[in-house]
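All remarks here apply to the structure that follows.
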Amino acid sequence: MAYYIDTMTVHVQQLKVRIHQVHPLQTPLDATKCHCVRAHLTQNTPGSSSARRPLHGQVRSPAGEVPQPHIPPHGGARRPRAAPATWVRLPGAAPVPVQGILERLDAGEIVIGDGGFVFALEKRGYVKAGPWTPEATVEHPEAVRQLHREFLRAGSNVLQTFTFYASEDKLENRGNYVAEKITCQKVNEAACDIAREVASEGDAVVAGGVSQTPSYLSCKDKAEVKAVFRKQLDIFMKKNVDFLIAEYFEHVEEAVWAVEVLKESGKPVAATMCIGPEGDMHGVPPGQCAVQLVKAGASIVGVNCHFDPDTVLETVKLMKEGLQAAKLKAHLMSQPLAFHTPDCGKQGFIDLPEFPFGLEPRIITRWDVQKYARKAYDLGIRYIGGCCGFEPYHIRAIAEELAPERGFLPEASEKHGSWGNSLSMHTKPWVRARARKEYWENLKPASGRPYCPSMSKPDGWGVTKGARELMQQKEATTEQQLKELFQKQKF
């Protein structure tokens, strides 16, 4: 039996609280009626010896029935309904325990990640393209906080600390002022505090993240590179993040070093590489990359950034096959770009001539994201999110597509009709005619650019670790260095 939820208002000890009545539905999920469960009462009630809390993610019918766990149509283990996106806790109540990342994944739950912070905040004027460093956590914490909240409201139940490229060597790279004037410690601490503050407003866990380093690209040794990761890890441990992510690695060797350091925490570790089906920049195939990461201690492996959803899923499939061949087990994770990149080279979208300021014509639609979410789920991926270009409405599309399996919709869906059905309220009849899945599912959007090609030719300079052009420096890039690059570039 499935249910929909009506909201009403009651008064509990002079506090106005929204609660929900539950009514049976004829279909597993009616998206036009179903609302996200926003309030679970955890108050000690008169006459009870302990706080009464609904079971994790379950709702009861007026008769007190608990729905049976959803059995996915594609097979697999039974799965309890996921917890609601936002909780309301009454004064004096004990904190609501939040399940950890592995407990959720081991139970078969779908975990929804967040989107791309550096691109989103660059467009809003809080991040500088080029260094892509996250000093906004200190300089503009309200901007970071608001973006976290939007992702949470859209359905994310993992909030990554905004610590992408927050290693000390990156914060002082090529003339960057952040390491000296703000410090690596303050940037990372502020990121943890903001993520935890917002996560506490919902049923979300906090992931502390590290990424590839200038030290590795400049051929520093293993001990030096690990020391860079360990400095961030010390802050994550001090702030008690829930788990750790080593993300955005082009070389599996460096990713393994990162995982080894993060495992020192005793917390769960996820690892994602920014590679395509050809493998890492040293030619290690995706399947072998996954094997190395799991053997290093990662419990979750996958791909993030650099490639579009289809390419990322193809690469994760290769990782899955590699793990199966090695008889290793790990949860799978995907966080692709929100851009169509079928013309990418081995290094992904950073090779495209449109990177980073001309990518807007390639943005994927919310309907593209729903297709991606379904493909990811069918592949067996249970940690599904996005990276650069993914905005909150993209994350909402993941949550809406997988609502039948999760048992609820995110709060942001209250202002979004399923497959455009809210267009039935439009004043123009031809727009009202678009209020259906068949229309948006089959639309082939035009770019509006009659003189532009559909594909680009990647730059493909073929440089990787050890190349002279990739050696990093503290000093700002000189005019002479730029001239040399300008001469090499071809239009």
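Backbone N, Cα and C define each Cβ position, glycine as well.
The Zn(2+) binding site annotation in TrEMBL covers Cys305, Cys387, Cys388.
Residues annotated as compositional bias 'Polar residues' in TrEMBL: 42-51.
Annotated domain 'Hcy-binding' per TrEMBL: 99-402, in sequence order. The average per-residue pLDDT of the prediction over the domain 'Hcy-binding' (99-402) is 97, rounded to a whole number.
As annotated by TrEMBL, region 'Disordered' applies to 42-83.
Contacts of Cys305 (Zn(2+) binding site) defined by a Cβ separation under 8 A and a same-chain sequence distance of 6+ are given as Gly116, Glu247, Tyr248, Cys274, Gln335, Pro336, Leu337, Gly348, Cys387, Cys388, in order along the sequence. Excluding the listed site residues Cys305, Cys387, Cys388, the same chain places Gly116, Phe119, Tyr248, Cys274, Asn304, His306, Gln335, Pro336, Leu337, Gly386, Gly389, Phe390 with Cβ atoms within 8 Å of the centre of the Zn(2+) site Cβ atoms.
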